[in-house]
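J.: What follows is a single structure, and I will ask about it in a moment.
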Amino acid sequence: MSAHLNAALREGDNPELTEERRKATFDTRKLADEFFGSHLARRRREIAKAIDAIPELHDTKPLPFMTREEKVEEAARKVFTLSKHITDIVDLSNNRETQSLNEMVIGIEGMPISLHFAMFIPALQGQADDEQKREWLDRAIRMEIIGTYAQTELGHGTNLRMLETTATYDKQNKEFILNSPTLTSLKWWPGNMGKSCNYAIVVANLIIDDKLLGPHSFMVQLRDENSHETMPNIQIGDIGPKMAYNSSDNGFLKLSNLRIPRRNMLMKHAKVQEDGTYKKPPHEKLAYSAMVHVRSHMITQHAMLLAYALSISTRYSCIRRQGYIDPKKDEVKVIEYQTQQHRLFPHIARAYAFAFAGTESIRKFEIMKRSLEAGNIELIADLHALTSGLKAVVTYLAGQGIEQARQACGGHGYSMASYMGEIYGVGIAGCTYEGENLVMMQQLGRYLIKAVKSVKEGKKPTGYVAYLAHAGQRHSLIDCRPNEGYAEHIRAFEHIARRQTFRAAERLQKYENSGLSTEQAWNNCTVELNRASRLHTRLFIACNFYERVLDVEDMAVREVLEDLLHLHLNYELIDIASYALEAKKIRPNAVSLVDSWEITDREHRSVLGRRDGHVYENLFKWAKSSDLNQNDVLPSHKKHLLPMMLNARKQSKL
Ligand SMILES: CCCCCCCCC/C=C/C(=O)SCCNC(=O)CCNC(=O)[C@H](O)C(C)(C)COP(=O)(O)OP(=O)(O)OC[C@H]1O[C@@H](n2cnc3c(N)ncnc32)[C@H](O)[C@@H]1OP(=O)(O)O
Ligand SMILES: Cc1cc2nc3c(=O)[nH]c(=O)nc-3n(C[C@H](O)[C@H](O)[C@H](O)COP(=O)(O)OP(=O)(O)OC[C@H]3O[C@@H](n4cnc5c(N)ncnc54)[C@H](O)[C@@H]3O)c2cc1C
């Protein structure tokens, strides 16, 4: 078959999909280059090819058929196999390459070293001093040790000021005594802490001479490096099955006056001298750096989860024929229904918008990290505000999009053969971890209120809040391209976001003037404030999408991205209205838009989303491979239900 715009075109595919792919108006590889960045797009193809050639990296059976224990073992088996090949396949220092490898081989259900790479190593990089990096970071990168990040407790996850785990400095012995004083102080949730990790960075309240100094990070050995048995003064275990992520052993940890050397407190920022002298960090929140790191990387990850769901659903919508538009003709592909298009296409636009926003948030994080290395803490507040809002808005909207994509698949979308249940379960976990969304929105709310206050003092706001300036001084976020198409949409968006932020600020001021305490006044308007934070963040996403599209050189790719941008801006602005015209324009490119994500069957693990479109025959094959079908009569049936029925028949004959 001649080289085609849609690189997914293959001999032998379901003709329904082939027909769709022939409609492509752009080169899907060029769009993949825009979505991932050309380097990562190329590397993902190379990684996928490398994995194809290593059978022991493939799923031994579909994950949904595995028990929890089998899942944990399968993930561990693959991690072990990967450790023998990983340096031939990826650049270990490239977070997005390792993330792609992880998602293609292990999948999204978690694995014994996900927290190791997601938080343990970043926390060491951000908070260990040079000597501590030499002692632990190098070993962690070589995977000689496996770590996690243990901050959340049974009783507290959001309110870090109230964490109960204590780290009391014993000057005499130059040691910290770590203790879980209450049941609610048990560390609870940390990924891979139950069974897999042998180290953890434990966040505990530092106490020196009875003075409480707040949360600090401590390196704690959980298990013997050789026997992997639990260390003395430690009780540890798995917290049990979750809604999803069940290849991960999220754990609990009880510390009983465990003694660790003074040098086990991470001392890049805050320090404790041998005599107990405490040196404050240059910024109190530097200890929170690992969370900001994950939040800045979650945006692209959740854009990818949304892309998984939409790839599955859009391809399936083009092979599924159901019902008629013209009763005199054949049953139509469900993608032809306006309602199906409005269910999918705005979320396809969002997946691109979120991916572009995510690239920007990672870029901003790297800039902040470099300026921090140079001793400059100025960018911390801006990045915290940006990543708090993006993490909350993108995880929530991506979750909504995944669920719409599932529903668009009808009954088969509800089968785990679609894999949608897992994608959704992992997607919405992001609404909770790394800071519950409504709480993170309030962090951005604080930032916006401060911006309004400075505008009212006559100062000119800059950066992402420039649009809050008074008319006349007003700066639009798209000032560098004021007259391009859609600029009016952006200005309308800025107007709505500005109005909401000032409305929330005025309401806060009114409550404060009425004599309410700051906290009470704040609580009374958090709904308005969160609305302002949501609009501010969605404005950022829209502006970033606008800028990215206008930078695209390939005209065919730029045209389809402009179609998506137009749909996105209208959808965002009206929020619920549908735009048939735009949807029609996108319709011919629907499959090619999702093919451009180049998500392999191995990666999305969905029978419905198969690239070749051969769904029904494979759905039946999938069902037949269920464990439950291995015996004609289930052993458990023989043990329980059969005797029950035989007894019932005996009884009825008496
Ligand atoms: C799919 C693949 C998956 C890939 C795998 C991913 C796996 C991930 C697994 C999950 C891991 C976890 O969940 S780890 C645990 C995650 N936990 C969390 O995120 C906890 C969330 N809670 C918090 O972060 C905090 O409690 C927070 C809500 C910010 C409130 O903290 P405080 O009370 O200390 O601070 P506040 O009083 O609110 O604010 C005081 C000032 O500090 C600033 N401030 C607060 N936090 C800041 C920060 N991080 N950086 C900079 N500045 C900060 C505020 O802006 C204020 O500035 P001013 O306004 O100027 O005063
Ligand atoms: C899959 C998964 C993996 C995780 N992995 C880790 C890990 O590796 N390491 C780790 O340390 N933790 C981990 N966590 C824990 C996670 O970080 C916390 O669950 C999260 O921070 C939320 O805190 P919480 O559970 O205390 O929720 P809560 O704060 O109890 O939330 C309950 C409700 O209270 C509301 N609420 C709380 N405070 C406020 C407020 N100030 N204003 C308004 N509303 C408020 C919330 O919005 C929410 O609606 C993980 C969690 C999950 C689900």
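Cβ coordinates are placed from backbone N, Cα and C, and glycine is handled just like the others.
Just so it is clear, the model here is predicted, and its values are computed rather than measured.
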J.: Quick one: which of 1-21, 148-168, 442-462, 610-630 does TrEMBL have down as region 'Disordered'?
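T.: The listed stretch tagged region 'Disordered' in TrEMBL is 1-21.
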J.: Could you round the CA separation between G191 (FAD binding site) and E434 (active site, proton acceptor) to a whole angstrom and send it over?
T.: 12
J.: What's the CA-CA gap between E434 (active site, proton acceptor) and T152 (FAD binding site) in angstrom, rounded?
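T.: Approximately 10 Å lies between the Cα of E434 (active site, proton acceptor) and that of T152 (FAD binding site).
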J.: Here the recorded positions are T152, G191, E434; which one has the lowest number of other Cβ atoms no more than 10 Å from its Cβ?
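T.: It is T152 that, of the recorded positions T152, G191, E434, has the fewest other Cβ atoms within 10 Å.
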J.: Through the lens of DSSP with three states only, how would you label G191 (FAD binding site)?
T.: coil
J.: For the region 'Disordered' (1-21), what does DSSP give as the number of helix, strand and coil residues?
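T.: Across the region 'Disordered' (1-21), DSSP assigns the residues as follows: 7 helix, 0 strand, 14 coil.
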J.: Can you break down the domain 'Acyl-coenzyme A oxidase N-terminal' (38-146) into helix, strand and coil residue counts using DSSP?
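T.: Secondary-structure breakdown of the domain 'Acyl-coenzyme A oxidase N-terminal' (38-146): 80 helix, 0 strand, 29 coil.
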J.: Within the domain 'Acyl-CoA oxidase C-alpha1' (288-449) only, compute the mean pLDDT.
T.: 96
